[in-house]
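All remarks here apply to the structure that follows.
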Amino acid sequence: MAATTSTSSITTLHKNAHKTNFPSSRNPPFKRTNLHLSFRVTPTFKSCSATKFNEVVIDEEVERIKRLQNGSDVRGVAVEGEKGRTVDLTPPAVEAIAESFGEWVIDGIKMELGQLKEEVRISLGRDPRISGASLSVAVFSGLKRAGCLVFDMGLATTPACFMSTLLSPFVYDASIMMTASHLPYTRNGLKFFTPKGGLRSTEVEEICDRAARKYANRLAKVSATVDAGAVTRVDFMSTYAKQLRDIIKERVNHPQHFDAPLTGFKIIVNAGNGSGGFFTWDVLDKLGADTFGSLNLEPDGMFPNHIPNPEDKIAMSLTRKAVLENSADLGIVFDTDVDRSGVVDNSGNAINGDRLIALMSAIVMKEHPGTTIVTDARTSMALTQFITQRGGHHCLYRVGYRNVIDKGIQLNKDGVEAHLMMETSGHGALKENHFLDDGAYMVVKIIIEMVRMKLAGSKEGIGSLIKELEDPAEAIELRMNISSEPRFAKQRGIEAIETFRNYIEEGRLKGWELDSCGDCWVSEGCLVDSNDTPAAIDANMYRAKVWDEEHGQHGWIHIRQSIHNPNIAVNMQSSIHGGCQSMAKTLLEKFLLASNMDKILDINQIDNARATEIPIEFATAGTFHGEIHNTLGWDAKYEEMQITLTVRCLSGSKFCRNLL
């Protein structure tokens, strides 16, 4: 067959590939003779034993679906509105992914039971995003194609979706949550659960691979409607909320009012217009709490007030203001799908990141002395000290909440008690709660401790449990975009990170040493498990300890490949002022420039971070501000009501060289 020039290639598989009898509701596979394309192609032939039918594979379309994988989730742009981003999480793509998940569940049940199950039941929940309704139809259609019974939970939370596989009388075989967490309204995604927990990244990769072939072969739009009776609407959130109420009542065991143990407590909830409003009226109010002053409880898929994210400064600031204005005992901030949370204590102190991990560690170590706390490798040296001083053990592991949770599961299997696994983003899982990252359950634990403290006669707020935790002097996160086509970005990122490792091991970065990251079976800077069952690597990363002769070990740097975007994230923390600037300078001059990594990485943020700061006094701030906008190569910042300015001199600036 003569070859022709093409921007796409098509491969037709041999007719002797494995075949499967499809239900009559499925579209028959396409034949080459029926395929009409407006561009010229180069046909090539190959056999694939894993294929169930004759396939036509369009490489570009296959890659498009594979790129929707986001670690253990699927995420993409669902509606127009982002500059430079096109919609890629389309109804046809979602239908193919849902169908592939349904088939994956059916295959797993068949393997476990040794036979087909008569009915495979899968639930779907979603957050209030504006794309939820149309994409739900696509999920329903895909699951139906796979031969599953579908149950629509409507507005729900991610933890509730998992619990729907466990709580009677529901006990679904699997569940899907449609959410993109704290990302903008334009995004959406899918999270997958079985009764064993959330899927791992390798399992989601398998599903997306299967979906990519379906999507490329089908070349047809998703069904606009679902047959009547194909989807059953259920109210699971009421059952889930009741379980949370019962846990609080039973564990507080209030001597005066068992059924209303939160009587006399003022609690503010900021749901960020996501799915977390239920916690106010279905949990707190019914337990007697005063929730007047709560914020953004009504679901709104445009998220008009702020990003629903406990890491968001606006979200925490608004919650702090409400706590102080209402003299509340506690403020709660949920992310969109309530698998993460943060709190504000009665003094208005924000508790998230390391502080939230410390608070949960203090609570858990009271119940389980000597337990191991598993976190990602971006936590501070002070947190390690906080945990170990209280008799606990700190295991630092790979970034990624699924990695952290799976490490805790592995430790428990190996006989090491690990009751808490938390990532600095706020994802936290407890052994007692099925190793599920549940923001509402975390808050339940905090509320129970708060009530117990008051019953014991304490007049201090929940923040008193972490008053001894020291914050790092400096902490920054920077990004280096990878200059590459999306399909090559992952390999370029691996190349850069492995070169970083080699530079440290060869002693080219003085005072930098790869960190073994804690007292568990982890080596080589949070990358390699040296136990008998090492976990698959979803993104390459290393952490290095940083020393100097004057201060000893004063900080660390963590460099990792993003699983979300084509970039490399760099985290730095230091216990001394100027430490992060010094590390950025070394990273830039001794590694990025010396190794020529600046040819494939955007180093602007690193360059800015190593800038020198010089205080300068001017009689009139306004006059100087005018010069800022007319001077190239440097910038400046100043605080209101002060005349002293700080000039940050960027590399290559003649003006700043003269100042120095």
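Using the three backbone atoms N, Cα and C, a Cβ is placed for every residue, glycine included.
No curator has checked TrEMBL annotations; they are predicted automatically.
What TrEMBL records for 1-12 is compositional bias 'Low complexity'.
TrEMBL lists 1-29 with the feature region 'Disordered'.
Sequence annotations record features per position, and here TrEMBL assigns domain 'Alpha-D-phosphohexomutase alpha/beta/alpha' to 68-213 (among others).
Look at TrEMBL and you will find 263-348 (among others) tagged as domain 'Alpha-D-phosphohexomutase alpha/beta/alpha'. Across the domain 'Alpha-D-phosphohexomutase alpha/beta/alpha' (263-348), DSSP assigns 23 helix, 19 strand, 44 coil.
With helix defined as DSSP H, G or I and strand as E or B, the domain 'Alpha-D-phosphohexomutase alpha/beta/alpha' (352-452) counts 54 helix, 21 strand, 26 coil. Positions annotated as domain 'Alpha-D-phosphohexomutase alpha/beta/alpha' by TrEMBL: 352-452 (among others).
In terms of DSSP helix, strand and coil, the domain 'Alpha-D-phosphohexomutase alpha/beta/alpha' (68-213) has 57 helix, 36 strand, 53 coil. Mean pLDDT of the predicted structure over the domain 'Alpha-D-phosphohexomutase alpha/beta/alpha' (263-348): 97.
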